[in-house]
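Quick look at what TrEMBL lists:
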type	residues	note
TRANSMEM	21-45	transmembrane segment
TRANSMEM	101-119	transmembrane segment
TRANSMEM	131-155	transmembrane segment
TRANSMEM	167-190	transmembrane segment
TRANSMEM	211-233	transmembrane segment
TRANSMEM	261-281	transmembrane segment
TRANSMEM	301-325	transmembrane segment
TRANSMEM	331-353	transmembrane segment
C-alpha cells in the first residue's frame, strides 16, 4: 500500500502494448478486489454479530483491573507449568524460526540507513517523506515482533503460557502497530492522489507541519487497539491468534470485532482509493505520451504499490479467517508470511526501484566502507611504526 517516491530509474523505450496490458490487468484486479472485499466484510460482520457471546474488552484495562496479565481469568495459565504448556501445546520450529530471525535482522539493518535518508532536510520537507518515515518506523518495530521475536519463540516451541506477560504485551503492541500502519498507508494513498489531481488541496491539508497533525490521527487510532483483545503466539500453528488456547471450546470469548472491522475496512478502502489513483495515473500517462520517461516512472510506482497493497489485503483477510472460522495450516503460514512481507518489502522496493534512495543508500555504504578501510590502514601503519 505504500507509494514510494516517483524518482527512479527509467527504461528508455517502454512498450505501449505492454503498458496497456499492465494497466488493464491492474484495473481488473482493483475492481475484483473491491467486490470481494465488500462481500467478505458483510458476511463476516454478520457472522461475528450472530455468533459472538461477548464483546468484552480485555488488554490494558483488564491488566489494571486484575493487577497483572496472569491474573486475568481468561488468560490464567496456573493449571500447568510453562514447560508443560510448551510441551503439550507447542512445537519447536528451529528452521522456520531461524529464517524469520535472519529476515527480520536483514530488513531492519536496511531500514536504518533508509530512514536516515528520508530524514534528510531536502526530502523531509515533502509531506510524502514524513508519511513514509512514520511507516518506516512502524515497519521497523513490527518486524521486530513478527519476525525476530516470533523466530525466537518458534525455536523454543513457545506458546502464550510459556511467557504470558511478554507474549500478551508484545501481541498488544503488534496489534496497535498493524492498525496504525493500515491507517497511515491510507493517508499516504490520499496524499498521492491529491498531489497528482488537486495539488492546492494537498497543500491545504499537508503543507508544512500540518502533516504531523494528520499523522497524529493514526497514532490515536493505534492507541484504541491497546484496549482490545491482543494476538498471542502459538508455535504449533506458526502464527499469532486471539485465542491463547488455554480453555477448550472458548475461542469465541476472545474475538476482536475491532480487528475484523479494521482488516476488512482496509481491503475495501484501499480498493476504492486505488480506482481514482489508477485513473489519475492513466490520464497522466496518456497526456505524457508513450515515449515519456515520466510515463514509465508512474507505471513502476503504481505496480510496486499494487503489489504491497495486494499482500496487505491478503494478510488482513487471512488473519480474520484463521481467527474466526479456522483455515488450513498452509494458509495460516502464508498469511503470516504476507504480514512479514507487507512490513519488509518496502525496504527492498526502495532500494531496487527508487532511484534517489538507492543512490543515497549505496553512497552511504561506500562512505562507511571507505572510512572502515581507512581506520584499518591507519592501525596497520601505526603497528608497523611501533615494530620499527
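Yeah, the Cβs are placed from backbone N, Cα and C, and that goes for glycine too.
Only pairs six or more apart in sequence are counted, and the transmembrane segment (211-233) with the transmembrane segment (131-155) gives three or more Cβ pairs under 8 Å, enough to call it a contact. Outside the transmembrane segment (167-190), and at least 6 residues removed from its termini, the chain residues within Cβ reach (under 8 Å) are 1-3, 59-60, 69, 75, 128, 131-132, 134-135, 138-139, 141-142, 145-146, 149, 153, 158, 160, 214-215, 217-219, 221-226, 228, 230-233, 240, 256, 259, 262-263, 266, 269-270, 273-274, 277, 305, 312, 316, 339, 342-343.
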